[in-house]
Structures are given as C-alpha cells and as structure tokens.
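First up is the structure itself, then whatever we jot down about it.
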Amino acid sequence: MQLLKDRIRTDAKIIENRIIKVDNFLNHQLDIALFNEIGKEFKRRFSNKEVTKIITIETSGIAIASIVAQYFNYVPVVFAKKHVGINMNQDVYEAKVYSYTKDQEYTIKISKEFLSPNDKVLIIDDFLASGSALMGLVNLLFQSSAEISGAGIVIEKTFQEGRKRIEEKGIQLESLAIIDSIKDGQVIFK
C-alpha cells in the first residue's frame, strides 16, 4: 500500500536499526484518514472471505480493527486482553505471547462467550515481527474451533521471520507494508 509506505518513509522514527516507531500516526496518535484507507485495502484483499468477527490484541490493534470492521458490514471486534479485571468472565481462552518492543511475556485472554466454532474470524494487528502476538491469537482461535479467514497486518518486518510461522499454519497473510530491512536508519521495503 503505497500511501502507508510513504507515510512510514516520512514520519516513522527508527530506533537502533530494529524498531520502527510510528506512534505519530498508527499506535498513539491515530490518523483516521489513513486508517480508513487501511480498512478499504484489507476489504479488497479479503473480499473473497466470509468474516463474522474481527479479533486483535490490546491495545494498538483495537483502533485499526474497529475501522476495518466497518468495511466488513460492521462485524463485531473482539480483542484479546493482556490485563484482566475482576469483572471479566473467568471462562476464557488463553495463550502466552511475547512483546518484542516491551521485552515482556503476557498471557492474553478472550472470554469464551465471544468466540464459537460458527465464527469466521479475520485477525487484524498493527505489526508482525517474530509472530508471537499473531500466533497467540491463532492459538485462541484454534481453542475456540473458529474458522480463521485470514490475518491482516499493517506493517510486517520480514527480517524477524513471523510470516513463516503463520504460513506454516496455512493462514492467508496480507501485510500492507513489508519491510525487508533497516539500514543506517532507512527502511528498505520489499
């Protein structure tokens, strides 16, 4: 998606040639016009799939998934929680995920009342690096016996090999901006 690549080139900050900071338009301050274009593009790429729900992981994926849901007839968005309050149903699907940017492991959870074997689920997330978060969501869906319609990623870093883990599961993976490498503070796209 050229619009997204252009935005990364002009506004992303590179940290230590491995972290791409896009908080000024993607995951802290949100560019809703860009999100709308992202939603349209995911609809185009998954137009042949039936989608009854969209899932993501808190927190950065929620806004993107919500916009994307509008293009899939306003299907519900369910997000995996990293931090569970006392008001959450204790009958949950859960999986462990590792956050690369926070260098921390989390247990993510989704209440069983929100996923069923009848669901056809599109996974949406902001980043794919090692694939831990995405594989955690896949694990939750396998536990629920829901059908996985595909996975849509806004920015993928291929040099961290998360794609391989997802494709080995036979899941259609669509990334809008694919980064092959970062050299001297510059993003090299595929």
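Every residue gets a Cβ built from N, Cα and C, even glycine.
Look at TrEMBL and you will find 23-171 tagged as domain 'Phosphoribosyltransferase'.
The feature xanthine binding site is assigned by TrEMBL to Asn27, Lys157. Long-range C-beta contacts of Lys157 (xanthine binding site), restricted to its own chain and to partners at least six residues apart, with a cutoff below 8 Å, comprise Ile20, Phe127, Leu128, Ala129, Ile179.
Sequence annotations record features per position, and here TrEMBL assigns 5-phospho-alpha-D-ribose 1-diphosphate binding site to Ala129, Ser130, Gly131, Ser132, Ala133. Ala129 (5-phospho-alpha-D-ribose 1-diphosphate binding site) falls outside any helix or strand according to DSSP and counts as coil. When Cβ atoms from all protein chains are considered, those within 10 Å of Ala129 (5-phospho-alpha-D-ribose 1-diphosphate binding site) total 24, not counting its own.
Counting only the Cα atoms, the space from Gly131 (5-phospho-alpha-D-ribose 1-diphosphate binding site) to Asn27 (xanthine binding site) is about 18 angstrom. Helix, strand and coil counts from DSSP across the domain 'Phosphoribosyltransferase' (23-171) read 50 helix, 46 strand, 53 coil.
For the pair Ser130 (5-phospho-alpha-D-ribose 1-diphosphate binding site) and Asn27 (xanthine binding site), the C-alpha distance works out to 19 angstrom.
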